[in-house]
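Peer 1: Annotations per Swiss-Prot:
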- G8, R11, R91, R137, R140: CTP binding site (BINDING)
- G8, R11, R91, R137, R140: ATP binding site (BINDING)
- D21, D23: Mg(2+) binding site (BINDING)
- 228-329: domain 'HD' (DOMAIN)
Amino acid sequence: MEVYLVGGAVRDKLLGIPVYDQDWVVVGATAEQMLNAGYSPVGKDFPVFLHPKTKQEYALARTERKTGQGYKGFECFFSPDVTLEEDLLRRDLTINAIAMDSQGVLYDPYGGQQDLQDRILRHVSEAFVEDPLRVLRVARFAAKLAPLGFRVADETMQLMQSIVASGELSALTAERVWQEWHKSLLTPAPQQFLAVLRQCGALAVVLPEIDALFGVPQPEKWHPEIDTGIHTLLVAEQAAKLSSSAVVRFAAQVHDLGKGVTPPSEWPSHKMHCHTGLKLIKQLCERVRVPNEFRDLALMVCEQHSNIHRAAELKPQTMVKIFNKLDVWRKAERLNDILLCCQADHAGRQGLQDHPYPQAERIQLAYQAALSVEVQSVIQDGFKGPAIRDEQERRRIEAVKAALLNA
C-alpha cells in the first residue's frame, strides 16, 4: 500500500500559499484493507475513506470512463492494480496532477511543475472535455491564482469552448453552479471567474443575466469604460478589495442586472435599471439556488444604489425613509455592506478607481444621527400608541437635518 498527497495541497505547497485541505490517494490497496486499518467509508460513488485520527480523505486510486452526459456520467474503476500515473491522468489540470510521497518526493508525469513555473492552467488530457464542471473549475482556479499571474492555456480554452458548444453545460445542476460561483467569490480575483466564463462562452449558458450586460453602453460622462459588462468586472474587482464577504461581493456583481434589459432605443441611459434589476436578481437567485442572505442584500443594493450615489441631494426625510426600508435599525451591519457595494460601484469605472466616495460618510452621519433618537425618550414625553412611531420618525428627520447642517 502506497499513500500520496495529491491535488490542491501539493499545488499550493509548491506555490508557497496556505494549504487548507489535504487529499490523499492510496495505490495498491483494497477497500477491505482500508476498513481493517480503521478507516471509515464515506464515498457513495467510489471508495473514499476518512483517516481514523486526522479525518482527512483517502481515496483508492481509480480510473474513470465516460458513460453518459454531464459531470455524473462516469463509471469508476478501482483496484489495487490502478497505478499512480493512471489516477493522476483523470485529473483536470496538470498543476492538480502532481503527487508527493511521505518523503517529500514529487511524482509529476504530466508536466505540472513546469506549468506552475510558467503560470499556465493546462488540461492533463483530451478526457478534459468529458466533464462539463471543469469549465467552471478552471474559471475558479483562474480567479484563485490570478494574483500569481496564471492564465488559461490557449488549447485548454479551446476545449472549454468545445464543451460549451456541445451543450453539456446544461447538465450541470444549480447546486454545482452555485458551489463554484460561491467558491470564486472567496478568491482574490472574483472578476476572473466571470471573465474566463465569458471568454469560453459559458457565461451565456450558466449566468445569462450577467452575460447580457456585455455590449450594453452607459453614458461615457459617468462611465469611461462605456460597456456595462466591463463595468461589472471592474466593480467585482473593487468589491474584492473593499470586502472579504462573499455576500457583499455577490451583491456588487449583480447590482446592475437591470441594464441588460434596457431597450436599445433608450441607450446609453438606464433610468429604470434599479427597478427592472429586482426581477432579474430574483430570477437568477431562484434558478441557481442562491441562499436568501445573498439574494436579500443584492436586492437592497440594486434598489438603493442610485439613491445612495445621490446622497448629497437627498432630503433628511428621504434618508430616514431609506433607513426604514432597509431595516437598518435592527441590522446595522447591513447598511455598511450596502455602502461597500456602492463604493465598489463608484470605484469600478475606468480610470476612476481612486476617486473618493464621500456619499458613504454622509449616509453614515445621517444614520448615526437618526439612531441617536431613542424610543424611550418619546414614550417619556407622553406619546402613546401609533403616535410613538410618528414622533420618533419626526425626531429622526430633525436629527438628520441638524447633523447634515453641521457637517
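Even glycines carry a Cβ here, placed using N, Cα and C.
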Peer 1: Measuring Cα to Cα, how far is D21 (Mg(2+) binding site) from R137 (CTP binding site) in Å?
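Peer 2: That comes out at 17 Å between the alpha carbons.
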Peer 1: So what sits near R11 (CTP binding site) in its own chain, CB-to-CB under 8 Å and at least six residues off in sequence?
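Peer 2: Correct list: I95, N96, I98, G112, L116.
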Peer 1: Tally the residues of the domain 'HD' (228-329) by DSSP class, grouping H, G and I as helix, E and B as strand, and everything else as coil.
Peer 2: 80 helix, 0 strand, 22 coil
Peer 1: Measure the Cβ-based neighbour count of R137 (CTP binding site), defined as the other Cβ atoms within 10 Å of its Cβ.
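Peer 2: By my count, 20.
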Peer 1: Could you say which of the binding-site residues D21, D23 has its Cβ with the most other Cβ atoms inside 10 Å?
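Peer 2: Output for this query is D23.
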Peer 1: How many other Cβ atoms are found within 10 Å of the Cβ atom of G8 (CTP binding site), counting all protein chains shown?
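Peer 2: Around G8 (CTP binding site), other Cβ atoms within 10 Å: 16.
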Peer 1: I'd like to know which of the binding-site residues G8, R91, R137 sit within 10 A of D23 (Mg(2+) binding site) at the Cα level.
Peer 2: G8
